[in-house]
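Colleague: I'd like to ask you about the structure that follows.
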Amino acid sequence: MEIRPLLMCFALCVVYATSKPTEKKERIHHDAPLSSREHDDAQGFDYDHDAFLGQKEAKSFDDLSPEESKRRLGVIVEKIDGDSDGFVTEVELRAWIKKAQKKYIYENVDRQWKDFDVNNDGMISWEEYRNVTYGTYLDDPEPDDGYNYQHMMARDERRFKMADQNRDQIANKEEFTAFLHPEEYDHMKDIVVLETMEDIDKNGDGFIDLNEYIGDMYNHEDEMEEPDWVATEREQFSEFRDKNKDGKMDREETMDWILPSDYDHAEAEAKHLVYESDSNKDGKLSKEEILNKYDLFVGSQATDFGEALVRHDEF
């Protein structure tokens, strides 16, 4: 069974506390790049292969005949068409690509699911999660390990409620994924910021000052010389993090720090696919248009090929 969200946080804190004091703690969340290659279709579709297949799976895709791959691409187009109107929009393409990006996250959730779905009803209630995660700890009101499990449980419950969009205290697979990986969901960003500020804001004033900011990432020891990157982070705080120059970061500034608005590679790829394939320029793609541009789409992760194109039982 894997370590749970706040228990994981405490475990990481222990590791950090015992690590070398010059090691930097990273809190910034970035989307993983679609590929390490340059995106240059004039030179081939290597970027698209890596981005949508994954580098390991790309070779298995090469084993399929063009005819079979094209047939399976047609099946996948129907999956991308979320509203089943016979067309694939840019929004649907972006959603599919983002889902492919999160494949490793869904696999992680699948591994944990059976641990929490105690009654095997295909859902996970807050009670199930609480009992599995905290049951043994709550039996001892005064544990000798120094952790406040009541506080940890309260924070987990708050996050669970935020992920539970229909407010029924029961999580389906997508809601549980948002609970375990809140940084991946727009509606969970506020809770990520709140939890981060609670962790770093030691004086409880609702802000993160320079000392708290540095103290979170650098474990100073008296006789150790401060590493160069700490001075760089002090400058980063003053010049870029603290936008209104009041000497501290509020929630908005903290969000800009830990959840930066990076370039949306999935959106750019979706726009690229539509632009290259939309022969009648109506802003959406028919199945025929996609299959006519077979080479482009086979080389794009809009198909999550690593699994979808070589998994025979789904076709």
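Keep in mind that glycine also has a Cβ here, set from the backbone N, Cα and C atoms.
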Colleague: Select from 80-83, 96-99, 184-187, 312-315 the stretch of residues annotated by Swiss-Prot as motif 'Prevents secretion from ER'.
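Modeller: Of 80-83, 96-99, 184-187, 312-315, Swiss-Prot gives motif 'Prevents secretion from ER' for 312-315.
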Colleague: Glu212, Glu221: which one does Swiss-Prot list with Asp201, Asn203, Asp205 for the Ca(2+) 4 site?
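Modeller: Same Ca(2+) 4 site in Swiss-Prot: Glu212.
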Colleague: Just going by other Cβ atoms within 10 Å, which of the binding-site residues Asp81, Asp117, Asp121, Asp164 has the emptiest spot?
Modeller: Asp121
Colleague: Give residue numbers and ranges for long-range contacts of the domain 'EF-hand 3' (151-186): same chain, 6 or more residues beyond its ends, CB-CB under 8 A.
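Modeller: Sequence-remote neighbours of the domain 'EF-hand 3' (151-186) are 4-7, 10, 29, 102, 105-106, 108-109, 112-113, 116, 122-127, 129-130, 133-134, 138, 192, 195, 198, 259.
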Colleague: Helix, strand or coil by DSSP: which one applies to Glu289 (Ca(2+) 6 binding site)?
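Modeller: The three-state answer is helix.
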Colleague: Using only C-alpha positions, which one of Asp278, Asn280, Asp282, Lys284, Glu289 is spatially nearest Asp83 (Ca(2+) 1 binding site)? These are the binding-site residues in the record.
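Modeller: Given the candidates Asp278, Asn280, Asp282, Lys284, Glu289, the nearest one is Lys284.
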Colleague: Can you tell which of the binding-site residues Glu92, Asn119, Asn166, Asp168 lies nearest to Lys284 (Ca(2+) 6 binding site) in space, using Cα positions?
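Modeller: Comparing Cα positions, the candidate nearest Lys284 (Ca(2+) 6 binding site) turns out to be Glu92.
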Colleague: What is the separation, in Å, between the Cα atoms of Asp117 (Ca(2+) 2 binding site) and Asn166 (Ca(2+) 3 binding site)?
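Modeller: About 19 Å separate the Cα atoms of these two residues.
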Colleague: Could you round the CA separation between Asn119 (Ca(2+) 2 binding site) and Asp168 (Ca(2+) 3 binding site) to a whole angstrom and send it over?
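Modeller: About 17 Å separate the Cα atoms of these two residues.
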